[in-house]
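Q: Let me begin by handing over the structure; questions about it come next.
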């Protein structure tokens, strides 16, 4: 049994996330966590809300609430929606937790002690209209790289280029929109990433199995232009982790907080500590996942994120870990994703464009969305959500292929043999061929899941469903029953067991449907099918079942047209 630590990029607290956010991090991370648990491995799956920095302050101000109250409220909202999508976190934490405060301050102290922090007096934009310094995300302007006119002072969300506020063309305050900005002196802490460049580069070069998307972004930022730069890790804000050197005050840093991108990844560790606290466990129980001197040396650590988060996870966070000179676990594999676009344009939380997670759940259950998003995950290139494609995928894959098999088998058995697994007959050559095909396809599915090739895994799973349908079509038990009822019973006995097999292997993708299938079969045996032949004998003759309701309903043309109009791209 392996030990697998999984973290999803933590979503900003500023509002409900859209489907592009979901498929770029949390959902594929959940798929992998569910699969690994299903294979019997020990899994720790951590996520949290990212609550500090400019986005939280601006969103709270817009909502007319104190930032602490806003964050507490939105954490519960995001937690509830995550549960609605059946995201199986072991803990969904908060970056504003006391654990994260202490750990962030601890890392800063360790970095300073090792000479990787520099105090820098810099010139920063001060808004005369707002009477305050403007940290990077409080400034908007035109990106000098791609021309996007809503680029932020830390990064352009259009081309992903990291920026400094002074790089922006025609900068303006994100608070008031004022362009009356002055450059004034202020002192900040910088993480000396350039001093760690050789270590970081050697570490990245050692990851020969990483996706091209991950390594290409990391190496681009290591080498393009002037290469890896030192990074400011403090801000002139009120809301955040107060700057301290470990447990001690940091002279000259009074009233400042750590930059959100310094403390946010540390929440992966702190969130695991929060899990221990919430479950009455000792520090040793979370440290065995993170400290290589306390049991984490055999842990495989996998991160999931959108491509815009890759630089922080391949450069800045590893620099924090390495520079601490403490035995913390570094990530083993980073699964990154391109963007999911929406109906001819971009999803955007800041612009309110696209289908958002709460809206999605209000019209269809989670499994419909999970299946489409995962089977169309933007792995090798950007992908696009269209209502026509969504309707087609749901109707063909879920309703016609899987749902139809479950319905036909259970209803036919009920009408001919009752709601018990029939006892007659024995498998023939056709059944043996099916078992061989399923065994081969299952191995391909497992290989894709192990490799985190999400779209290919969905394709292999669908092929497994199709194989069962093709068997039923060729075996035709509804015809055979007229001349050889014993053989028809053997076919249906295998087909009922096939439903259980599909429930087990489909659970990572469509957990609610899998649970419904198992409940209708009156079965609680979720063991992974190492041997397909044996797996198709789990339900014995005489075992009772109930004929389920429709597993997946079809989306009508009228519904598709109505939703397309309702979600035309702007969230009010």
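For all residues, glycine too, the Cβ spot is worked out from N, Cα and C.
Quick paste of what Swiss-Prot says about this protein:
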- 143, 146, 156, 159: Zn(2+) binding site (BINDING)
- 349: ATP binding site (BINDING)
- 11-21: motif ''HIGH' region' (MOTIF)
- 346-350: motif ''KMSKS' region' (MOTIF)
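Mind running through what each feature is packed against?
A: Take the CB of residue 156 (Zn(2+) binding site) and look out to 10 A: across all protein chains shown you find 24 other CB atoms.
According to DSSP, the secondary structure content of the motif ''HIGH' region' (11-21) in residues is 3 helix, 2 strand, 6 coil.
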Q: Specify the count of other C-beta atoms within 10 Å of the C-beta of residue 159 (Zn(2+) binding site).
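A: That number is 14.
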Q: Residue list, the motif ''HIGH' region' (11-21) vs rest of chain: Cβ under 8 Å, 6 or more residues beyond ends.
A: 47, 49-51, 55-56, 58-59, 70-71, 74-75, 77-78, 81, 306, 339-342, 347-349, 353-358, 360, 369, 373, 385
Q: Which of 143, 146 has the fewest nearby Cβ atoms, counting only those within 10 Å, among these binding-site residues?
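A: Each of the binding-site residues 143, 146 was scored; lowest Cβ tally within 10 Å is 146.
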Q: Averaged over the whole of the motif ''HIGH' region' (11-21), what is the pLDDT?
A: 93
